[in-house]
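According to TrEMBL, the features are:
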type: COILED; residues: 630-657; note: coiled coil
type: DOMAIN; residues: 516-725; note: domain 'Metallo-beta-lactamase'
type: TRANSMEM; residues: 56-74; note: transmembrane segment
type: TRANSMEM; residues: 238-258; note: transmembrane segment
type: TRANSMEM; residues: 265-281; note: transmembrane segment
type: TRANSMEM; residues: 333-351; note: transmembrane segment
type: TRANSMEM; residues: 358-377; note: transmembrane segment
type: TRANSMEM; residues: 389-410; note: transmembrane segment
type: TRANSMEM; residues: 422-439; note: transmembrane segment
type: TRANSMEM; residues: 451-467; note: transmembrane segment
type: TRANSMEM; residues: 479-499; note: transmembrane segment
Amino acid sequence: MHISLRRPALVAAISFGGGIGTAYILETTILIWCLVLTVSATLQMVAALKGKGRQTAAVLFTAMCIWSGGGMYMQCCIEAPDPLCGQEGKKVRISGYADKIEKRESSVRITIENEDRRILANYYGGWEEETLEEGQWADFQGKISLPQTRRNPGCFDYRLYLRSCGIQMMMNIEEIQPQEGETSLYRTVVSDIRNTFSDKLKASLEPELSGIGIAMVFGDKSTLDEELYEDFQRNGTAHILAVSGLHVGILYSFFSFLWRGKKGVAFYFSVSGVLLLYTALADFSPSVVRAAVMIALHLGAGILHRRYDLLSAAAATFILMLASNPFQLFHAGFQLSFLAIASLGVILPFAKTLYQGVFLSSIVIQAGMLPYTAYLFNYISFGAFIANVPVIFLSGLLLPMGIVLIPLAYCSDSLFSAGAELLGAGCRILIGVNGFFYGDGITAMDVVSPSVPFLIGYYGILFFYVSEKGRILFLRKQYRQIVVCTALVGLLAFTLAPLTNTGFEKSDIVFVDVGQGDCIHVRTPDGKNYLLDGGGSAKYNVGKNTLKPYLLKNGVRKVEAAFVTHLHEDHYGGIRELAKEGMVKQIGVYEANKVLEPELCRETGGKTELIYLYGGQSVKLGDKVFLDILAPERRTVEEYQELIKKQEEENESSMIMRLRYKGVSVLITGDIDQEGETRLAADPALKEQISCDILKVAHHGSKYSTSDAFLDAVSPELAVFQVGKNNFGHPSETVIEKCRQRGIMIYRNDRSGAVGIFVEKDGRGIRIYKLIE
């Protein structure tokens, strides 16, 4: 097969990005990458000296050199962490500029930047306006910590996200000492523009409209109503509220319209200056940087009288951005921005041969981005194909309005107020149009994440078949090359897929990390899914923000049933919230809670069936999978009513369950204390039933649970502490030591993240997986 180099930058970009991705996944060493690079360079030189097939071989080995160079560069970045990593948990003093200050409900978040590093810091003390200003140099003292990494399989990796933003460490600030007179002019100017515009817009418009306006102009969603933003997200139109390449394109078009002179060097530098300022105002988000660099390349091509090629410019920008920070490859904004450009550059020319209507660009971009959007965010919007046309049209009018208001904020309050009213009216129309196409959610649906092989296959085949090269092969009826290329895409898909596996893909029982709470996910051999407890928090929606993403990322659209030990928030809250999302068919609770049935129905949305259980029952979950209810026993209605009145005894009425999975048993004890454990151990009928292979330690490892006598009676091989960051002293060192003395293997969610159990055939053994080693 002959390979030509019509777009060498594109080959270089794919190779460079591929090397970076490979290095991150494989976690090898710089020495290995040096060896690969040396071999690739040697083969490239040999190929250059050959006659027949010289060009094809040279292209392949040059791509290998760039690939290995990208891998080596990434490995260097991985192996050269911030020196502060070794100071984790210690108190340190750091000097730097307050690059960004965000006020939150209970804290102030400060991005600290100096010539060596960027740090994300939180300050929980009393905050006055004069404490510190953006752009001001200060000394910060506090404890250093690493950001949280991925806690559950397939879910958001906060540490990787921050690394893609150039941040490796976090700090809890205890003391701030501003240095008077030491400020960064650039940071101060950017901060003043943002704050002046935002404050005046908030004073001129109602919160819903000002939130939309600020988000459109600066991408700052901190003042945006959460439910309103979710409507835009699920409708596939939220990109207009996060400054993106679209905004930069609108700004460039607006500036070009205003420029009446010759568009030469002066225009080039003026536009570059405006775009640089706007990129800074948008906090250098990847999509904005991508668009600004591509526009600069477009202008440069005009000045130099060179042809501008969209894909080549995108490829060059791709390489430049990754050269500045290779971790940007894993930033969702970076990925989606370049995917949109790839869709326009590859799919659009082909689509124009089939359709020329107003919806063309929207259809092309959605076709290109839909599967990956589903992979990242677990929803698809059918309304997005149509909604984006009027929404983008309106944003093309509203963004210039917002840009014009920036200088007016300094010049004339009356003109700013009048302009703000116009902007507010436009934002109200925008909200109405988006709501019309969203239809209260009927045009959007939750979906499980597509598999990695599917994504590679979809994009590989789509881009190859509709590309210029692919269409030429079809026209020339070169079916052999088409088959070979298709086979290579399939081979790549199924070769790369295992490299991303964590072991949790085949885990039968997963102790899900829900923070300070309990949650166990059970997958049966016949494909059914169940939850035993679901965590919960009074300050955080665990069901919607933790359980729902975990389930959808791991192929679960709905659980057959969720069994709740008791109704305390850290066990039941997540299940209640998940039921409101329509993801739970049945909820199983202790029969005493039948007294609370109207309240439970109202809390869970009224669409989930409630089933009532008591000691002595057994529920078949699937093939060779059973859930035995060991306690409490069944009582009279009067006794149930009395029990429900005594809320303080909720822990003692925890439903005790034993999961039997192909011969392996797991004991789930809720939050019972040592007195309850004593009753269980003393019951002759339960003596054999409480013996287990795996113990979910009661009450998150509290010192008031897990007595010596109970551990001896249960005699587990493995103990799992479902615990998160807390102020209760969980888990107790005494309980941990009891387990160690008996040779019981210990696993903790706070240290290992999710813990997966794979049960061998017929229960002959188990394999244990930890998400965090």
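Backbone N, Cα and C atoms are what each Cβ position is placed from, and that goes for glycine too.
Below 8 A, the CB atoms of the transmembrane segment (358-377) and the transmembrane segment (451-467) form 3+ pairs separated by six or more positions in the chain.
Tallying C-beta pairs under 8 angstroms between the transmembrane segment (333-351) and each of 56-74, 238-258, 265-281, 422-439, 479-499 places 238-258 first. Same-chain residues lying 6+ beyond the ends of the transmembrane segment (422-439) with a Cβ under 8 Å from its Cβ atoms: 201, 204-206, 208-210, 212-213, 216, 228, 231-232, 234-235, 237, 240, 383, 386-387, 390-391, 394-395, 397-398, 401-402, 405. Only residues 6 or more beyond the boundaries of the transmembrane segment (451-467), in the same chain, are considered here, and those with a CB under 8 A from a CB of the stretch are 342, 346-347, 350-351, 367-368, 371-372, 375, 474, 485-486, 489-490, 492-494, 496-497, 500. The average pLDDT the prediction assigns to the domain 'Metallo-beta-lactamase' (516-725) is 94. Sequence-remote contacts of a segment are chain residues at least 6 beyond its ends whose Cβ falls under 8 Å from one of its Cβ atoms, and for the transmembrane segment (238-258) they are 212, 215-219, 221, 224, 229, 232, 270-271, 274-275, 278-279, 282, 285, 287-288, 290-292, 294-295, 333, 337, 340-341, 391-392, 395-396, 399-400, 403, 430.
Below 8 angstroms of C-beta separation, residues 1, 25-26, 451-454, 456-457, 460-461, 464, 470, 473 of the same chain, each at least six residues beyond the ends of the transmembrane segment (479-499), sit close to that stretch.
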